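Take a look at the structure below.
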Amino acid sequence: MKPTVWHHLRLCPHGHPDETIDDAAIAVDETGTIVWLGAFSALPHGYAHWQREDLHGAWVTPGLVDCHTHLVYGGTRADEFAQRLAGVSYEEIARQGGGIVSTVRATRAADETTLFVQAAARLQPLLAEGVSAIEIKSGYGLDLASERKMLRVARQLGERFPVSVYTTFLGAHALPPEYAGRADAYIDEVCERMLPTLADEGLVDAVDVFCERIGFSLAQTERVFEAATRRGLPVKLHAEQLSNAGGTALAARYRALSADHLEFLDEAGVEAMKAAGTVAVLLPGAYYFIRETQLPPIELLRKHGVPIALATDHNPGTSPLESLLLTLNMGCTLFRMTVPEVLQGVTRHAAAALGRADRHGALEIGRQADFAVWSVGSLAELAYWIGRPLCEQVVRGGATVFRRMNG
């Protein structure tokens, strides 16, 4: 790759629309590393003979980060959509053997190739919206072989597509049918066999649990956290989505990277998150799709200065969402977040939720040149338009990996 100066651009280096540089330039060396950025008029003479890329006044932001997804799974759950419209609750569907467990059956039945092809089709719309880093959870296998299969597919997506994939082991997502009535025995399997084996195989970057009355108890969640800590793996948590179970305070005790959903989070939980440096990951797609009415405590999170991230929560049952830009709009319209909040929520704060704030979510000297080029007049348009293709170009490591074709 030739050293290149990207110029005639409007730069938002940290995802905050109030911190921008008009008529900016970014100098990227042959390794794909940013070696200079700032006002084009101040470009050092040493870069005068480098190759030039004129962006014609387009906006440039860091590559976006989708920090909570369940992208790898078999089948769909379209049939449950009609049930919910008829008034059946998500919890009741789960008790009837639907919900997560129905996806477990489909995922176990699918081979790796099938799972890869299906997940790749879900990933590509996100990449076309400027996503350069994504988290992918397991949790639809619920046995060692199937969880391994999911995590292997997630790793393969990162190898085959221009995106950084971070894997999360979510073995404690639901109770598999063969362990009905034996939740503690299943947690034994998760902690003593599944997690150690998959971690030793290099398939796990973090560990998550679904802590809820239809999921796992605080005591069971803590056992998984202890097992992850022994392996030196960071933890995160699905918490307070359907009730205030106290999971967020537990997550904070283990200095979790993030606590996610949080509709029923109280002020004590918010204070614990702030003290621990835990990021609040809000998932408006799930809130919208299952027609929740309890809003997450945005004002409390603001009051205590807890960083807020947004993610698609792409999954087959509660958020079949393949657009991080639509997530921005939902964050504004449903959760009453501001444009600066939602933009930082898919850049620097989303990177922090993955424990990767040093690699993603900002454009700085010394970092890899991962950025998105936007055909908008203002950054507010990223959260304003619904369904319009706004991403003109995606650059990863200084190389263009996506360019929208016009006409």
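The backbone N, Cα and C atoms fix where each Cβ goes, and this holds for glycine too.
Annotated features, as they stand in Swiss-Prot:
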BINDING   HIS68, HIS70, HIS238, ASP313  Zn(2+) binding site
BINDING   HIS68, HIS70, HIS238, ASP313  Fe(3+) binding site
BINDING   ARG77, TYR140, HIS173, GLN241, THR318  4-imidazolone-5-propanoate binding site
BINDING   TYR140, ASN315, GLY317  N-formimidoyl-L-glutamate binding site
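On the structure: features taken from Swiss-Prot.
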residue	record	Cβ neighbours (10 Å)
HIS68	Zn(2+) binding site	31
HIS70	Zn(2+) binding site	27
ARG77	4-imidazolone-5-propanoate binding site	21
TYR140	4-imidazolone-5-propanoate binding site	31
HIS173	4-imidazolone-5-propanoate binding site	26
HIS238	Zn(2+) binding site	30
ASP313	Zn(2+) binding site	27
ASN315	N-formimidoyl-L-glutamate binding site	24
GLY317	N-formimidoyl-L-glutamate binding site	25
THR318	4-imidazolone-5-propanoate binding site	25
Residue pair HIS238 (Zn(2+) binding site), TYR140 (4-imidazolone-5-propanoate binding site) - Cα distance, angstrom, rounded: 15
Site extent for N-formimidoyl-L-glutamate, whole Å (max Cα pair distance, TYR140, ASN315, GLY317): 11
Candidates HIS70, ARG77, TYR140, HIS173, GLN241 (binding-site residues) - the one closest to GLY317 (N-formimidoyl-L-glutamate binding site) by CA: ARG77
Listed in sequence order, residues not in TYR140, ASN315, GLY317 with Cβ within 8 Å of the centre of the N-formimidoyl-L-glutamate site Cβ atoms: HIS70, TYR73, ARG77, ILE100, THR103, GLY139, PRO316, THR318
Sorted by sequence, non-HIS68, HIS70, HIS238, ASP313 residues with Cβ within 8 Å of centre, Zn(2+): THR69, LYS137, ASP260, HIS261, LEU283, ALA286, ALA311, HIS314, ASN315, SER319
Neighbour tally for GLN241 (4-imidazolone-5-propanoate binding site), based on other Cβ positions within 10 Å of its Cβ: 27
ASN315 (N-formimidoyl-L-glutamate binding site) and TYR140 (4-imidazolone-5-propanoate binding site), Cα-Cα, nearest whole angstrom: 10
Alpha-carbon distance [HIS68 (Zn(2+) binding site); THR318 (4-imidazolone-5-propanoate binding site)] in Å: 13
Distance, ARG77 (4-imidazolone-5-propanoate binding site) to HIS70 (Zn(2+) binding site) (CA atoms, angstrom): 14
Distance, ASN315 (N-formimidoyl-L-glutamate binding site) to HIS68 (Zn(2+) binding site) (CA atoms, angstrom): 10
Helix, strand or coil at ASP313 (Zn(2+) binding site) [DSSP, three-state]: coil
Where TYR140 (4-imidazolone-5-propanoate binding site) falls in three-state DSSP terms: coil
